[in-house]
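Student: Okay, handing you the structure first.
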Amino acid sequence: MATIQSSNSKLFFSNYLQSLSQTPHRLRKRMLATWTPDQELNQVRLRSGADMKRKLRWYDLVALGIGGMLGVGVFVTTGPVARNNSGPSVFISYIIAGISALLSSLCYTEFSVQIPVAGGAFSYLRVTFGEFVGYFAGANILMEYVLSNAAVARSFTEYLCSAFGVNDPNSWRIEVHGLLKGYNNLDFTAVALVLLLTLCLCHSGSVENLVKPGGLAPNGIRGVLDGAAIVYFSYIGYDSVSTLAEEIQNPPVSLPVGIVGSVLIVSALYCLMALALCMMVPYNQIAAKASYSMAFQNIGWKWAGNVVGAGASLGIVASLLVAMLGQARYLCVIGRARLVPSWLSKVHPSTGTPLNATLFLDFSSSKAF
């Protein structure tokens, strides 16, 4: 009996060493492996077990794109960028970022029509450059989604406080001593919002404020470009729209209209809202947090600030919902490629949604608070 066990152990150890010696070759082969669009659409998609339900039309995509982008730009990035980078020329930063987003969205449109799968940029890169580049990009995009969701959800707390007339959002957070300052306030309101979404899956001002103090661009062209780089974060919603390719009726028509249409509409709204904010109060008096609510309070319209706080909270909810929807589909397709555990790729047969990926990522987002 002891002889048999010893023989089995030696055989196991020999097989293990043989497999280990083949790892560099297998890794190199996997890194350079590419898939054809036909394989991506048929063979790989079957690994999810069930198909996502095709119920969305072009106007649904436009609405989702606007909801996904508008909440972030208007209520999260505009105030800090106007105060710290661009000044009153923040609307120019939005124009520059909007043009960049439009050009990028045209690329997304072309790829999404040819490869209408839920993987977005991950699938496009995997087909073109191979699995290593696709995985590297997919991992970065997922990290961007998780961190941006955390930032947006924390902004929800700030605007919700404003809606109830509370000026200090940290009063709704729990301070943990011993953690690094700035990261030591646990935001359970934001956590509750993320968990809830998981289960559910204006006033004019003075033109003089645009040129006083410091002129239209107080920090020069560098400030405008720095602001454009930051507010580009507000356009991530169009990427989420491209991940819905497997749930769209007539993708060749609906995807271009949905992606490009939402970017154009949101760009115009961003510029108008940024102009309105900078006309209400001088840029150096814009609050870094809950900027629009504080702007109304600064001009004596406290009731309007409370209303804006409530409305902004709902806008942030919509933006967060679309982002959470997109990130789950990314992880689902990465699971189909077997670059993460394959159970994350499973689509629930009754709901037609990537249930495992949704629960896993939303739990990860909650831990980011």
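Placement of Cβ uses the backbone N, Cα and C atoms for every residue, glycine included.
Just so it is clear, the model here is predicted, and its values are computed rather than measured.
Straight from TrEMBL, here's the annotation block:
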DOMAIN    61-153  domain 'Amino acid permease/ SLC12A'
TRANSMEM  58-79  transmembrane segment
TRANSMEM  91-111  transmembrane segment
TRANSMEM  123-143  transmembrane segment
TRANSMEM  188-207  transmembrane segment
TRANSMEM  219-238  transmembrane segment
TRANSMEM  258-283  transmembrane segment
TRANSMEM  303-326  transmembrane segment
Student: When DSSP states are grouped into helix, strand and coil, how many residues of the domain 'Amino acid permease/ SLC12A' (61-153) land in each?
Tutor: 86 helix, 0 strand, 7 coil
Student: Pop the mean pLDDT for the domain 'Amino acid permease/ SLC12A' (61-153) in here, whole number is fine.
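Tutor: PLDDT averaged over the stretch: 79.
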